[in-house]
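Some features that Swiss-Prot has for this protein:
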BINDING   Thr17, Gly18, Gly19, Asn129, Arg167, Ser194, Ile250, Ala269, Leu270, Thr271, Val272, Ser273, Glu274, Gln295  UDP-N-acetyl-alpha-D-glucosamine binding site
Amino acid sequence: MTNVSDEKRILIMAGGTGGHVFPALAVAKYLSKQGWKVRWLGTAERMEARLVPQHGFDIDFIDIKGVRGNGVVRKLAAPFKVLRSITQARVVIKEFQPDVVLGMGGFASGPGGVAARLSGIPLVLHEQNAIPGMTNKILSRIASQVLCAFEDTFDQVQAEVVGNPIREELIALGQTPKDAGAKESLKVLVVGGSLGAKVFNDLMPTVTADMSKTHLITVWHQVGKGNLQSVKGEYQRLGLDGSVSVAEFIDDMEAAYRWADVVLCRSGALTVSELAAIGLPSLLVPYPHAVDDHQTKNAQVLVKAGGAFLLPQPILDIDKLIGKLQILSSDRDELDQMGQRAKSVGVIDATQKVADVCIRLAGKS
């Protein structure tokens, strides 16, 4: 069952986190510019329900939740809920008649991927992380084509390494020469995600105060929802108002990346890919509770290239953080070289590569 009109159509499945949604949006925008009709499959409770319509794409919802780590009752009920969600996805596919289905992670990808194959529609998978999620591990066995961002991601199936699709404006930023002006102050961008990172919020005020005694440092700190007053108050208590900007959430990450000399952050797949494409040095603190510790493996891509320092959270303290920042503040040549080494592993054409695979398979359907 395929679309009988001349207009090519793609159903994209991605949701739950920005690490799934934003790469998928990059592909959606690329194909939309090529004249494709794009539709989304997600869940009503997750971030895709808000983000996808904001970017001008229609979205359908199915009723599905994750089961890993949940109670016995939910696990026993899970097979019946999955069957229902597969049926819901098949209804969407029958109505939309896509030429190809692209799964990029999130709860909807599992039922949607199965529904695509049952409907005879080519299924393309893209895995953003260095360790695949459970859904993509399962779907990789029935997919028409498996794509991934990093080498050695899949053991059991052959996957093409294409990188992670990132926003056009960030790719352009990576092609723009850094300001060669005076660099008296080390500009540190601190990003802990939309909810912030407690470890960054706890440590950075003291780190900044101690660093300021011997080095010039300026901080732009995203503290996360609900943390603004407490973290800002601590910076103020330490007399750092003039050298620190504190925000609950940074809307313009392009501006933040352009401003920064170094980034202190988690090592989600999209973040790692953005840092590499732009060529930004980083201090990476993997989220210690990530499934299968995949953020540590993501980080290794930049660490092995020499573009980042790895700082595991269980051993992270004020002294270790100050030590790394002092190295970068004192040796600007090393800072610049770290940026170049990060850029050496960046992939800037991932969006086109993913889109090209979808176009090719749609032509065969």
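Glycine is treated like the rest: Cβ placed from N, Cα and C.
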Entry from the binding-site residues list Gly19, Ile250, Leu270, Val272, Glu274 having the most other CB atoms no farther than 10 A: Val272
Set of same-chain residues at least 6 away whose C-beta sits under 8 angstroms from Arg167 (UDP-N-acetyl-alpha-D-glucosamine binding site): Phe22, Ala26, Glu254
C-beta crowding around Thr17 (UDP-N-acetyl-alpha-D-glucosamine binding site), within 10 angstroms: 19
Thr17 (UDP-N-acetyl-alpha-D-glucosamine binding site): secondary structure state under DSSP, collapsed to three categories: coil
DSSP state at Val272 (UDP-N-acetyl-alpha-D-glucosamine binding site), helix/strand/coil: helix
